[in-house]
Every structure is written in C-alpha cells, then in structure tokens.
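Colleague: Pasting a structure below so you can have a look.
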Amino acid sequence: MACAILMIFSVGYIAMSRHVTDSGAFYTYISQGLGENCGASASIVALIAYFSVQTAVVSMLGFFAQLFLQQHLGAHIPWWMLSLLFAVIAWVLGIKRVEVGGKLLGVLMLAEVAIVLLTDVMLLVKKDGPLNISSFEPAVFMHGNLGIAFVFAIASFIGFESTAIYAEECRDPHKTVPRATVCALLIITAFFCFTSWSLVQAYDFDRLVQIARQDPGNFIFDITRQYVGQWAVDIMSLLLITSLFAASLAFHNNISRYIFNISRDGLIWKELCSTHPTNGTPHNASHVHSVILLLLLAGMGSVGIDPMAQIFAFGSAIATLSILVLQVGVSVAVIVFFRRKETHGFSSWQVFWAPLIALSAMSVTLILVINNLQLLSGSDSKLVRLIPWLIAICCAAGYLMSMKRRVRSAA
C-alpha cells in the first residue's frame with residue numbers, strides 16, 4: 001500500500017522533473033510550484049529532515065560499531081567517538097567527486113542486500129513443511145493497527161526522492177531521474193516484501209510477533225545463525241555497520257546539495273554555494289554542516305544521551321514527519337505548476353489526478369504520524385508532542401526569511 005501511494009505520488013513528481021533539474025529536490029519543486037516563499041519554508045523543513053536522519057544514522061552507526069569492537073576485539077570505545085570518526089570520513093568523501101561516494105555506496109549496500117537475501121533463500125530451502133502464505137490473507141493483513149503499520153511502512157521509504165538531488169550531475173536528467181525514482185520504489189518494495197515473507201517462515205505466525213518482541217535487536221541475527229551459520233552473523237554484523245555508513249554518506253551528500261541550493265537562492269551565506277575547483281562538489285556546504293554534526297555528536301555523547309532509545313528514535317520521528325510535510329507540499333506544487341504552465345505531452349492523470357490522490361493519501365498519513373508520534377519515536381516524553389510545532393515554526397521562519405530577502409532586493 002505504501003509503495004502504491006508513493007508510486008502515485010511519483011507520477012506528478014516525475015512529470016515535473018522534466019521541467020526542474022536543480023539539485024534541490026522537494027525544495028526546488030515547491031519553490032517552482034508555489035513560489036519562492038513557500039520554497040524557502042520547504043528548504044528549512046528539508047534540512048531538518050535530512051539532518052535529523054543523518055544524526056540518527058550516525059549515532060546508530062557508532063552504537064553498533066561499539067558493540068562489534070567489544071565482541072570481536074575486546075575494545076571499549078565510546079559510541080560517540082566512533083560516530084565522530086565515521087562523520088569525518090563521510091566529510092572527506094563528501095568533498096570528493098560524486099562517483100567516488102556513489103561507487104562506495106553501491107558496493108556496501110549490495111553486500112548488505114546479498115547477505116540478507118542469502119538468509120532468505122536458505123530459510124526457504126531448509127524450512128520443514130509447506131511454505132506459509134497466510135501473511136497475504138486479507139484477515140491477517142487487516143489484523144492489528146493497520147494505521148500504525150502503514151506509518152512505519154511509509155517511513156521505510158525515506159530517501160527515495162533523492163534521485164532528483166543529483167539531476168544536475170546526470171548526463172540526461174530527463175530520463176535518468178524518472179527511471180531511477182521508479183526503480184528505487186520497486187526495488188525497495190520487492191526487497192522488503194520478500195524478506196518479510198521469508199522471515200515469517202522461520203516461526204508460526206502467532207509466535208513470530210512474540211519472539212520479535214522479546215529480543216528485537218537479535219531477531220534477524222538469530223534466524224541467520226540458525227539457517228546459515230555463525231559466519232553469516234559475523235558478516236551481517238559488519239555489513240550492518242558498513243551499510244549504515246553508506247546511508248550516512250548518502251545523507252551527507254543530500255544535505256550538502258540542499259545547503260548549496262539554499263545559498264544559491266540567496267537565503268543564507270552566499271559562499272556556501274561555491275563548488276570545489278577540482279571536484280565540482282559543494283565543499284563549503286559540506287564543511288559547515290559537518291562541523292555542526294561533529295559538535296552535536298560530541299555534545300550529546302558527553303552528557304550521556306542514549307544513541308538508540310533517544311537520538312535515533314527522536315531523529316527518525318522528526319525526519320518522517322518532515323518528509324511527509326514536504327510530500328504534501330510537492331503534491332500541491334505539481335498541481336499548481338501545471339495549471340500555470342503548458343501541459344503539452346502530459347495527461348490529466350499525470351498533472352492533476354495523480355497528484356490530487358497523492359495529496360489526499362499523504363495528508364491522511366501525516367495525520368496518522370502526528371497521532372502516533374510517541375509510538376514512532378519510542379518515547380512518551382512530552383518533547384515528542386512538540387515536534388509538529390517545531391516544524392511549523394521552521395516553516396514560518398523560512399517564509400519570513402524569504403519575504404525579508406525579497407523586500408531588500410526590491411529596495
């Protein structure tokens with residue numbers, strides 16, 4: 001269902017991508033459709049989203065790296081120091097050419113997918129008795145809280161829209177961006193569906209949830225150990241670290257390009273839109289946000305904030321809500337954009353009906369997320385309830401900054 005909604009959302013998104021080739025993705029689309037002021041609001045929300053998830057991922061990376069070193073080398077290094085190390089490495093790679101980071105990202109992610117698929121296949125091959133297909137039955141599908149499950153499913157697709165961020169660095173963005181977006185959605189969906197169904201085969205459906213609740217952190221590791229072997233668990237543990245690093249590198253690049261576009265549009269310091277004289281990457285933007293991340297990680301680590309229960313949970317909740325706000329904005333922007341522009345070559349489904357359906361579905365999802373923020377964040381803290389207000393304040397701040405800039409320009 002989540003894939004279907006995002007595919008419908010992508011119809012208008014892809015149609016508009018043929019007219020927008022800047023590397024600002026959601027921010028640029030909203031700016032083109034709804035005006036510079038709304039675009040400025042979107043830029044702030046986008047930065048919040050990507051910076052939150054980058055902080056969450058880097059913190060999680062340090063946590064699992066700490067466990068790995070303790071188990072295999074007996075070394076006791078604080079998680080936040082390891083997070084700082086990985087952040088610096090991503091910083092260095094981020095100012096190199098995109099191809100360097102892209103190739104590294106691809107190799108690490110393919111290795112992670114391969115070991116998970118190996119577990120899936122071995123589980124199906126070694127399973128005694130017939131395969132269980134009850135998870136596809138309507139009664140099972142509708143069991144429990146479907147709304148909460150849908151929220152987590154939507155959150156799993158965060159980042160699929162980043163294909164548009166690299167539009168300016170593609171040889172043929174009009175073809176590459178649409179194809180990459182659709183492929184990303186289909187591959188993510190196929191992988192998640194197949195792996196989830198395979199894991200169901202390890203236990204009876206009724207026992208599955210109970211066992212996962214008892215030890216969620218080792219749930220997949222235990223299955224891998226049983227059906228593949230300890231060697232696969234060791235490799236999977238290492239690849240978990242490398243895949244998290246690959247994700248942190250991807251978000252680093254996304255944030256740098258968002259800052260680059262915001263600076264180029266005159267909302268923040270102009271020097272941040274300069275590119276590296278050799279590599280052509282937004283190196284100043286990379287420097288600024290990397291320093292901020294390092295200071296934040298050092299501060300949180302020094303006061304003893306838990307990387308998983310607090311940083312990762314809060315960061316994921318903020319990112320999910322922010323991305324949904326942007327997707328709602330993009331759906332509106334697509335409709336408005338094509339109402340003002342010649343729609344030659346596009347059908348009414350592409351420029352109106354699909355964005356309208358996506359707008360309705362995303363709005364409902366946004367409400368579900370707001371109502372379930374405490375569950376999504378894994379915290380019952382009152383601070384969680386302030387997340388929607390934080391995003392609203394940032395939207396207003398971006399709008400006012402843009403208005404002020406335009407007044408100064410007119411003067």
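Positions of Cβ are set from backbone N, Cα and C atoms, glycine also.
So TrEMBL has the following annotated:
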- 3-368: domain 'Amino acid permease/ SLC12A' (DOMAIN)
- 44-65: transmembrane segment (TRANSMEM)
- 77-95: transmembrane segment (TRANSMEM)
- 104-125: transmembrane segment (TRANSMEM)
- 145-167: transmembrane segment (TRANSMEM)
- 179-200: transmembrane segment (TRANSMEM)
- 231-251: transmembrane segment (TRANSMEM)
- 288-305: transmembrane segment (TRANSMEM)
- 311-338: transmembrane segment (TRANSMEM)
- 350-371: transmembrane segment (TRANSMEM)
- 383-401: transmembrane segment (TRANSMEM)
Colleague: So if I exclude everything within five residues of the ends of the transmembrane segment (350-371), which remaining residues of that chain have a CB under 8 angstroms from its CBs? That is, six or more out.
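Modeller: Sequence-remote neighbours of the transmembrane segment (350-371) are 5, 8-9, 11-12, 15, 147-148, 150-151, 154, 320-321, 324-325, 327-328, 331-332, 334-335, 338, 343, 388.
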Colleague: Output the single range from 44-65, 231-251, 383-401 maximising the number of Cβ pairs under 8 Å to the transmembrane segment (311-338).
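Modeller: Looking only at 44-65, 231-251, 383-401, the most contacts with the transmembrane segment (311-338) come from 44-65.
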Colleague: Express the predicted model's confidence over the domain 'Amino acid permease/ SLC12A' (3-368) as a mean pLDDT, rounded to an integer.
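Modeller: On average, pLDDT over the domain 'Amino acid permease/ SLC12A' (3-368) sits at 85.
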